[in-house]
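According to TrEMBL, the protein has these features:
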TRANSMEM  A:26-48  transmembrane segment
TRANSMEM  A:55-88  transmembrane segment
TRANSMEM  A:126-148  transmembrane segment
TRANSMEM  A:155-174  transmembrane segment
TRANSMEM  A:204-223  transmembrane segment
TRANSMEM  A:254-278  transmembrane segment
TRANSMEM  A:290-315  transmembrane segment
TRANSMEM  A:327-347  transmembrane segment
Amino acid sequence: MASKKTVSGGASASAAGEFYAKYKPWIGTAIAVVLILLAPSVMSVYNLGLLSKYLCYAMVAVGIGLAWGQGGMLTLGQGLFFGLGAYVMAIHMKLSDIGPGQVPDFMAQYGITEVPGFWELFRNPVIAVIGVAAVPGAIAALLGLAVFGRGVRGAYFAILSQALVAAFSVLLIGQSKTTGGTNGLNDFKGFFGYDLTDDANKQMIFYICAFLTLAMVLVVWWIRRSFMGDLIIGVRDQENRMKFLGYNPASIKVFAFSLAAMFAGIGGAMFVPVVGIISPSDIGVTPSILMLAGVVIGGRTTLLGPVVGTLLVRFAETQLSEAYPSAWTYIEGLIFILVIAFVPMGLGQFKGLWPWIKDRLGIGSAGSVAAAAASASVASAGDGGGDVKAAASASAAVTA
Amino acid sequence: MDMLFPQIVAGLSNGSILLLAALGLSLTFGQMGVINNAHGEFMMAGAYTAYVMSTLIGNKTVALIVALVVGFAVSGLLGLLLDVALLERMRMRPLDTLLVTFGVSLVLQQLARDIFGATPVYASAPEALTNPVTVFGYSFSAGRLFIFILSIVCVAALYAVLKLTPLGRQIRATSENRDLAEVSGISTRTVDHVTFFLGSGIAGIAGVALSLLNSISFNFGTTFIVQAFLVVVAGGVGQLKGAVIASFVLGLCQSAIELPTSASIGQVAVFLIVVVFLQFRPQGLVSIRSRNLA
Amino acid sequence: MATLSKARVIALLCAAAAVLSTSGCGWGRTVAEKDALDANSTTATSAKSSCVDTSGDTIKIGFVNSLSGTMAISEQTVSDSLHMAVDEINANGGVLGKQLKVVQQDGKSEPAVFAEKAKTLIEKECVAAVFGGWTSSSRKAMLPVFEADNALLFYPLQYEGMESSPNIFYSGAAPNQQIVPALDYLKEKGYKKLFLVGSDYVFPQTANRVVKAYAAGNGMEVVGEEYTPMGSTDFTTIVNKLKFSGADAVVNTLNGDSNVAFFKEYKASGLKADTVPVISMSIAEEEVSAIGVDNVKGQLTAWNYYQTLDSAENKKFVKDFKAKYGENRPTSDPMESAYTSVYLWKGMVEKAKSFDVDKVKAAADGVTFDAPEGKVTVDGENHHIYKTSYIGEIGDDKLIHTVWQSDGPIKPDPYLKTYDWAKSLSASSESNE
């Protein structure tokens, strides 16, 4: 709800249109910042908490947009990285709650008297903060080097990522003496020393979530404009051609995949103070695929689509699943079926409509026509597999 | 040492379950590159067929045989419907089918819950299959023996269809070189539909068979689907041989690892074995030689 | 452009930070400050003033049960019996003259959702009390919510113990009302070698720690302990291990679907109830038909209620339930416990003459109810209830028949403090209190 504004900043005069075209990202960012700052004054603490939760999923979605939309890596296992970040944060929060020399209550129940080593590592707040991004990032990089280096891709990669998240949740449950098992970790008192029950602190946590999401969108925006962005798209559409041009597709993929994993890890880390619990059921096979729902709706190749889509889907879930639990499952299923089969670019598919309408009404400008052309090519670029036109334009960009 | 023999049998039995679950998947993945996430729900449809038949037909043996036939047809038709309605239009973007079929699996699960209720049901099996059989002084589950034999029969039947019938030749031609098959006068569209019907139908048979071991509920298929995917990936694209070997190797590995450790470690180990294995053979155990760039 | 944009990003963020700091937003209370405040006042600072509306002639209460997801199968039955209790109470004039209005929420079988829905019920719906939860995970997830908001949860399931929250009333069995009697029964019957099989989560693992401590102190031996991931359906290896372990009885804490696969495998491998009996902690009447009565007849269960109990209260309960929900629906321990919990809350409210949480808690001690399972009494100290324990045998009729029962209601002891053999258990969990 907060950081999706760029689309709607309408301009009516052509001078304003030019100004808008030139400074669009800055206007968008500024509007997003203002909206984020205003949100707490118009929303109850309860709704703010829900929005913070949606934002945690939006962070994951931004990463999926990069890895899947741009990089073509369909990852069904973002729950793995979400979970790693979340558990690192949860371990830190648990340890700082109980103080040195004590063990968490569930360990005491299992008769464990000393905190295990991988817990002790994250007692230090600095290491914990670095860890929420570094641990998922490093694991993704290792995994990426292993599978991309050997040319595993497409459906094979998707299945492997799914298998890994399944293995991870089985492992978490199996090692319940040190991970809390199916109960997961919960009952936290403080977030870096701040009382989690205090409304002012909840508001700060919302700000952190919102600004982190915004920062991630800006990072992806920057990557998309940079040479790296062209490389990522090139690898998606014509991996072999990229190889012949002298690039190493594996390392480009590893970069995008690890960054996506870090975003997911950070999202997971914020999920813990927001929701107050992390357990294997938040990160299994199905939750991991559902993390894609927002990206599918919003448009996988667009910059803001994943965020907007995720906020929409999660909001709808809260609204509908209470009143109509059974109907909501149908809706979830139909989102995947209808959108992917018939509107594969999601809301992004309609992006070309706005400039078209503007042209028809005679309020357009040169800039918007260019934008229309650009968005049309974005829309066609995403058709997975072998879209020759997009591939050609991408590799042209590379050789230039 | 006492436990060695029963554990090998357990491993083979697990392998045959994996094989039944993965066989149809392997067929459709090989030909169309479609990873059918709703495959587990087609198994569920088969299992519910077994339940319905066991309530309609008094003689449990007849009920089981009827269920195998009807289950094949029900799941096959579901698959055909899926292919005609959705997947056909997505031949150019196979990766997306993974997500579309995930949506289908959500809808089918909810449908099953609305039709049959959330409470698991139980298809009463023929008496003979619930009792132990004794071989070399060891008792084994007759139901598992039946599933083992059924899996071998399915593989043999599928092999015969692929090798001996004109349809089989068309399927093989299409999966090896779609364009060449098309210009040779094969309607690849029809062949795709038939393949999908066959692959989904086998899921139905698997569902009927596995209902002998488990209760039947809306999440019946989810128990098997991730491991079935792994078998397909490890076995190599569209190769019966690969799927057969991968199923039994993974089944035996799981039983062997589970013995000294625990069930959860056994499951995790199987996942890791496949990841490591793909390091050495990224295209799976058996792959078609082709001049396509890897 | 790129470097320029970075500078602008930084500038923007700085501006944002400046706005934040000047507009009075910022971090609030720290944990240390809160602890200091809590120590200085009698009521917890974190407890927000309740928003419960007691002015009208209705009062809202909340149910949170999984109506979707894997636990829906079980929790739907609890939701049904909760609704039945409320309907009965409303038909008889309500509580303190007010009709009860139920707000039902779906916990979706996920702990995080339970926490969220509990919060919704307390903070948004402003209910006077919440009933529900099933898995230990769901209770553990909701516990901090209820403690932070100083609200009331009535939790209906038997569970692993080692817990006693001031904001939860536990109407199911504590370990000494289910696990310990089951072991007493096995000991009495002369079983010496136990094989433990359970699902991989907190109840089986904690229950089995109790079993092991009991075995060590009572001349029994645990010859195997196996856990399987929840929902797992492959029991070949575990049953092989069981057969070769030389066990003479099995203590089963498997959950849900896994029981079906386990008992089918158990039967197919040639094991029998009269040679190696299985005593189950989580198989109630409705599970029997899902597992298939052929696979479990003759096996033992340990609970505090069976549909077959012979009392006037139970006959009425069974009759009313079947009239409301259908002749083929069995009644079971968790359902009865949930039903009873609504009446216990009613008793507490009427004793306190108030819906106020603190007054209700203060009035709780000694509240009794003639429940279908027999007379139950609330222990005000640990918030559990006195219950009678029954060991039952599964019959051909898909029902469970009592073969042994305790001498009257057993005093709840969630930490097993009163048992010599359990010293090591209670010591380790008390150390953190």
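Just so you know, glycine gets a Cβ as well, placed from its N, Cα and C.
By the count of Cβ pairs under 8 Å, the stretch nearest in packing to the transmembrane segment (A:55-88) among A:26-48, A:155-174, A:327-347 is A:155-174. Tertiary proximity for the transmembrane segment (A:254-278) is limited to same-chain residues at least six positions away from its ends with a CB under 8 Å from its CB atoms, namely 49, 52-53, 55-60, 62-64, 66-67, 70-71, 73, 75, 78, 81-90, 93, 132-141, 143-145, 148, 184-188, 191, 196, 205, 208-209, 212, 216, 219, 223, 228, 232, 291.
Counted over residue pairs separated by six or more positions, the transmembrane segment (A:204-223) shares fewer than 3 Cβ pairs under 8 angstroms with the transmembrane segment (A:155-174), which leaves the two as not touching.
Counting residues 6+ beyond its ends, the transmembrane segment (A:155-174) has Cβ neighbours under 8 Å at 73-80, 83, 87, 143, 147-148, 181-182, 184, 280-281, 283-285, 288-289 in the same chain.
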